[in-house]
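S.K.: Can you keep this structure in mind? I'll have questions shortly.
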Amino acid sequence: MMGLVAPLLAGIALKNPVFALAAVPYLLRTRGRNASLVAFYAYALALALTVKGGSIYEWDGLKTAVLASASTFLLLDEVLGGVNLGRDRLAVTALLLASAVSDLLLVPAMVGAVMYSAWSRFGRTSLYLIAWLAGSAGFLYLLRERLSDPVVQSFVIIGLGIAFLLAAERNDVEFIEVGVREEK
């Protein structure tokens, strides 16, 4: 449920109706993972073409980056892992809905939902995600004078993500692997 609610709330906050297309891969998940993944890739492409980015040093750019990436992560989590209607996930979904009254509440609630989802799915491995987010935030803060271009900011975040993945690989951290073919 969180994977559907998060993109809808992001679409309302960003005033972008394309986020409503998240319902397609979410509903197709009930029929099978492969069809849902194809729909998810089409959804991600539509987002990439319609969401207007900006500098993460300005509120609008930061809000767009956090809401778009967090809601996409939560949708992909449910597309790959299946829809989970447990009490904990419903509580986090309710928290997301309650935080939608203000963008200042929704942004940290969305980050918290991603952290919860990563922790419940990956366990201690999600500490690499937390370290990557903290490292990216710290690095971007320290170099804020030199990184004014949104493209450069994106490359820094991607580069740090690759560095943390390589560190995880070096330490033999086991990530959950998703099979290529869907089992029936």
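Glycine is treated like the rest: Cβ placed from N, Cα and C.
TrEMBL does not curate its annotations; it predicts them automatically.
Since we're looking at a predicted model, the values are computed, not measured.
I grabbed these lines from TrEMBL:
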- 38-57: transmembrane segment (TRANSMEM)
- 64-85: transmembrane segment (TRANSMEM)
- 91-115: transmembrane segment (TRANSMEM)
- 127-144: transmembrane segment (TRANSMEM)
- 150-168: transmembrane segment (TRANSMEM)
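Could you place these features in context, so I can see how deep they sit and what lies close by?
M.R.: Same-chain residues lying 6+ beyond the ends of the transmembrane segment (150-168) with a Cβ under 8 Å from its Cβ atoms: 53-56, 61, 125, 128, 131-132, 135-136, 139-140, 143, 175.
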S.K.: Taking residues 6+ outside the transmembrane segment (91-115), which of them lie with a CB under 8 Å of any CB in it?
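M.R.: For the transmembrane segment (91-115), the sequence-distant neighbours (Cβ-Cβ under 8 Å, at least 6 residues beyond its ends) are 1-2, 5-6, 9-10, 12-13, 62-63, 66-67, 70-71, 73-74, 126, 129-130, 133.
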